[in-house]
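Notes follow once the structure below has been shown.
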Amino acid sequence: MPSFTSKTLLAALAGAAAVNAHGHVKNVVVNGASFQGYDINSFPYTQNPPKVAAWTASNTDNGFVGPESFASSDIICHKNSANAQGRIVVAAGDSVFVQWDTWPESHHGPVIDYLASCGNTGCDKIEKTALEFFKIAEAGLVNGAQAPGRWASDVLIDNNNSWMIKIPANIRPGQYVLRHEIIALHSGGDLNGAQNYPQCFNIEVTGSGTVLPQGVKGTSLYTPTDAGIRFNIYRSLDSYPIPGPALPAGFAPVAQGSSAIVSSATAITGAATNAPAPIATTTAVNVVPSPTTIVTSVVQTSAAQTSAVQTAVPVQTSTRPISTRPQPTRCPGLGRRHLRKVARA
């Protein structure tokens, strides 16, 4: 008969396999050119991995950053993150299409996008705790009539696990860290139950814009008790307070669609360049399926630090819990940590 220890180990391994379903950004597409992301399955074990625009991180289990770590540097660009040594040139006004390898349907929540200027230091050298992030887009609750609701994360799944981010046309040229994040709220009703999945990339914005909004240090973006962090999704909802600093006036999410990949490209390195944004070649290597475009709208509240995202579809105005509400989904990663504690006992 297997020992308790061996049973515990098998359960832990099963939990680890389930955690790997969370996902990470595998590549970024700009004007049809696909740039490789940080490959958590090979780069950490490669002596000289390629220089990419995606920041490195130690989330080899596709894990998350919990609210208990919001004051630590892990929340900035994920656990033990380090500067990317490459960057992608993007013209102001262009879109960046990020493709996740997968995302679990049960992990409902908002999708938020930030920029942080690297100034004259360069994003490959800047200290991450010095970065000050401002929002360029946010999307949250799409329809809350029936728990757990339809969320931006569901739109991402329907869009082939991908998300379109528009770089503001009036943004000042320079090097920036693009911070793309999904916040999973399936356990958000519990203190420290939310799960943040930040993904960072170095970009160089070209153009003649002059706008550079005031930013917030990454370690000050959220607190564990923010209304949009400790949030129960298992009830009918008519709104959701997206966490983080307010979205600057004039910035908004774009219609979600697809982006054809017609070439592969390599991130550039070294000093800043005045080169134009990458233009795709005519040699097709892959095409992303084109799902139905889904649009969300933003309801801004300039006096508040949060704003709600809804569609024009009417939703229930009652926020009371429904009588037969679904039960929160327990993340396998939490069970795995519990099993480790039991094995050590």
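Cβ coordinates are placed from backbone N, Cα and C, and glycine is handled just like the others.
These figures come from a predicted structure and were not determined experimentally.
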Point to revise | Which of Tyr197, Tyr222, Tyr234 belongs with His22, His107 in the Cu(2+) site listed by Swiss-Prot | key: Tyr197
Point to revise | Record Swiss-Prot, residue Cys77, disulfide partner from Cys200, Cys331 | key: Cys200
**Study point:** Listed in sequence order, residues not in His22, His107, Tyr197 with Cβ within 8 Å of the centre of the Cu(2+) site Cβ atoms
**Key:** Gly23, Asn62, Phe64, Trp103, Pro104, Ile182, Ala184, Gln195
Review point. Cα of His22 (Cu(2+) binding site) to Cα of Cys77 (disulfide bond): how many Å, rounded?
Key: 16
Check your understanding: Around Cys77 (disulfide bond), which residues of its chain at least 6 apart sit with Cβ under 8 Å of its Cβ?
Key -> Trp55, Ala57, Lys128, Val177, Arg179, Pro198, Gln199, Cys200, Gly218
Check your understanding: Relative to the Cβ position of Tyr197 (Cu(2+) binding site), how many further Cβ atoms are located within 10 Å?
Key -> 25
Review point. Per DSSP, Cys77 (disulfide bond) is which: helix, strand or coil?
Key: helix
Review point. Which state, by DSSP, holds His22 (Cu(2+) binding site): helix, strand or coil?
Key: coil
